[in-house]
There are 2 protein chains.
Amino acid sequence: MIQIAVLGYGTVGSGVVEVINTNHDSINKRAENEINIKYVLDLRDFPGDPVEKVLVHDYEVIANDPEVDVVVEVMGGVEPAYTFTKRALEAGKSVCTSNKELVARHGTELLAIAKEHGANYLFEASCGGGIPIIRPLNSSLTADEIDEVTGILNGTTNYILSKMASDGSDFADVLKEAQRLGYAERNPEADVEGYDACRKIAILSSLAYGKEVNYEEVYTEGITKITAEDIKYATSMGTAIKLLATSRKVGDQYYAMVSPVMIDAKNPLYSVNGVFNAIFIHGNVLGDAMFYGSGAGKLPTASAVVADVVDCAKNKGRNIMMSWSEEKLDLLQIDDVKSRFFVRVSGHAAERQSEIEELFGKVEIVAVPSLSEEFAFITGEITEQEYREKAEKLDGIQSRIRARI
Amino acid sequence: MIQIAVLGYGTVGSGVVEVINTNHDSINKRAENEINIKYVLDLRDFPGDPVEKVLVHDYEVIANDPEVDVVVEVMGGVEPAYTFTKRALEAGKSVCTSNKELVARHGTELLAIAKEHGANYLFEASCGGGIPIIRPLNSSLTADEIDEVTGILNGTTNYILSKMASDGSDFADVLKEAQRLGYAERNPEADVEGYDACRKIAILSSLAYGKEVNYEEVYTEGITKITAEDIKYATSMGTAIKLLATSRKVGDQYYAMVSPVMIDAKNPLYSVNGVFNAIFIHGNVLGDAMFYGSGAGKLPTASAVVADVVDCAKNKGRNIMMSWSEEKLDLLQIDDVKSRFFVRVSGHAAERQSEIEELFGKVEIVAVPSLSEEFAFITGEITEQEYREKAEKLDGIQSRIRARI
């Protein structure tokens, strides 16, 4: 019997209880053991809910019960999740979590504590919801040196951008609709400003490259400035604008970045629409691979958490090595990162192309018939710094979006 | 030190040697051990190749060397691979393979032998080349009851169908070109008749549902009858024709089938083109997930084999439980499986629609301007037997393709 305690009976916590109840038999078979929910911790009461029988309000009950093998931390936020996780691991209890904020901030330390105490700290649900990506990165792609991880890691922003593209609507209107449908939070900042994706790419990169990537060093730009006009250009060019969270090896260095990027149909992420997430990986021998699925939602996320519980059951008393080490990964300064840039400017191409090409060299010109007082151009590959310096000398820039086309 | 022996120095075998040499440091780090190629078995000589130093012609050398921990069987075919694998496992050596024929035919027995001797029989490379799918099915999707596995599992046929769609060419012409480019074998039967995909879906289904699926019971239909005209209809309808290998739970029963299927852009497999493979999974709590990547090729396949070697190194003397049991999965008779059918018939819709609808009930009519002496209709969901019985009563059928639209 594997006794578990679920910290937090919110969306994911109640999903975990539901998944364990629904798939009881097959889960126990795969765990080679019976999984039993001994405690659920929440400050609230749930009168009439079957969970009442195992509900506790005080973490001490769980911390002091030596029978608890696995703690499922699905509270979110840094505190008290951090303290609770640390205490559990130090007591040799394994911890499974969906808490990307905590993993991004304290993953390195918590993994080391787990290892020291023969326990496991697993976080499959922290990135890409139900998509199996942490375990494949850690135990499937072991023959490869990974040189790129690029993901659509936030369902809210992908829904908004997909909807803007299909309906031609403005950001503000689609955001309101997404909030009404429950796809966006009332305070959408963490999603639309890219902070959520930033934490996730830091976690994935730490595993992929085997060194800690500090999420605070990842250049992050959200989607709030993307307009219906930008999308018009993108569509007319057969491209899509996606919020990509990416890290890449360039020569001997790595960079990491979250920003809207224009991609074309050749990119496997191009057709990832709505609330779906996907993670593209490039390995030096594997080549291209992509993992696709539901990036959020109660049951998909709970599915990933419970798969971690099964792994803890199968590996009781045995640490599963994680490739994420304590060494820090030095990231390239954003100024030195190279991209192509899609730039919208006022005026007419016939009059301004030579001025633009004097600055940027040969560019591609794009026009959209319904936007007659402006046009756009796409630069060759230049550094962020070069772009900024040249753009300062150009009047009438309406917007600029990085392009991988 | 983990000593390995590679059986077969063909495409995949030389890839395995190359991957281990190229990524030596990172592989050893992830394996927590040094991986050393002690032997390569091949009947041929390779004068001047560095492999000469470890080349042996006689399997007895490997079988009788107690230092060999892991045997990499990349010979293909059933014999002598089966005998060699069995002997290795019985001696407590783990075996990693890309040999889908052997896994499909004797997987159940070989897994049992491995378990009995505390060894492992791993076959990540047998399905989907470099795509991590076997390990995710076995150790990531453990919280779910999987009710569908549908894959584009053969790169040759996917290349041919993609090319037919993009160029409007005929099957025979594209096959010739694929052979010239090395994407198709000189004897393409195993690919184009669907036999290769059939073995792979039997393996994936055995893992997904936890019971042995006999590949000889999987209804299998290839792509040789698909014509440029079929593709014209598909394109005009915004659909694609793909060779899908699928198994699904319907009520309490399962069916498995390999056949060309018309799918639309809502299906995540729709945009999987060229030699790429992808596997779509549906779990009862996870929802939809898809795994995408290079389904074949020397290095991607070798990447998967070497990842298995790393797993064997990390689990020396410890069997990794596989969900594939000895129990047999009863498959639904093909006659009882339901599909929609796309059917091309001669004549004009205006004259024949009532005759057709008398047989099939309400159908959708499709016409392509350049094909004026025929049209097509799409039935509702009916069983294979119903389709056959009704189709016998209808004159002038040019082709029929199953449709998931």
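In case you wondered, yes, glycine gets a Cβ from its N, Cα and C as well.
Copied over from TrEMBL:
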| type | residues | note |
| --- | --- | --- |
| ACT_SITE | A:LYS200 | active site, proton donor |
| BINDING | A:LEU7, A:GLY8, A:TYR9, A:GLY10, A:THR11, A:VAL12, A:GLY13, A:SER14 | NADP(+) binding site |
| BINDING | A:LYS100 | NADPH binding site |
| BINDING | A:GLU185 | L-homoserine binding site |
| DOMAIN | A:8-124 | domain 'Aspartate/homoserine dehydrogenase NAD-binding' |
| DOMAIN | A:132-310 | domain 'Homoserine dehydrogenase catalytic' |
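Everything TrEMBL records as a feature, shown here on the structure.
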residue	record	Cβ within 10 Å
A:LEU7	NADP(+) binding site	24
A:GLY8	NADP(+) binding site	23
A:TYR9	NADP(+) binding site	21
A:GLY10	NADP(+) binding site	13
A:THR11	NADP(+) binding site	17
A:VAL12	NADP(+) binding site	27
A:GLY13	NADP(+) binding site	25
A:SER14	NADP(+) binding site	20
A:GLU185	L-homoserine binding site	14
A:LYS200	active site, proton donor	26
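Its own atom aside, the Cβ of A:LYS100 (NADPH binding site) has 23 Cβ atoms within 10 angstroms in the protein chains shown. When the Cα atoms are compared, A:GLY13 (NADP(+) binding site) and the residue listed as 'NADPH binding site' turn out to be 15 Å apart. Under the three-state DSSP scheme, A:LYS200 (active site, proton donor) falls in the helix class. The residue listed as 'NADPH binding site' and A:VAL12 (NADP(+) binding site) are 13 Å apart (CA-CA, integer value).
When DSSP labels each residue, the domain 'Aspartate/homoserine dehydrogenase NAD-binding' (A:8-124) comes out as 58 helix, 21 strand, 38 coil, counted as helix, strand and coil in that order. According to its DSSP assignment, the residue listed as 'L-homoserine binding site' is coil. Secondary structure at A:LEU7 (NADP(+) binding site), taken from DSSP and collapsed to helix, strand or coil, is strand. Looking only at the binding-site residues A:GLY8, A:TYR9, A:LYS100, A:GLU185, the one with its C-alpha closest to the residue listed as 'active site, proton donor' is A:LYS100. The domain 'Aspartate/homoserine dehydrogenase NAD-binding' (A:8-124) scores a mean pLDDT of 97 in the predicted structure.
You'll find the Cα of A:GLY8 (NADP(+) binding site) roughly 15 Å from the Cα of the residue listed as 'NADPH binding site'. Between A:TYR9 (NADP(+) binding site) and A:LYS100 (NADPH binding site), the C-alpha separation comes to 17 Å. When the Cα atoms are compared, A:GLU185 (L-homoserine binding site) and A:SER14 (NADP(+) binding site) turn out to be 19 Å apart.
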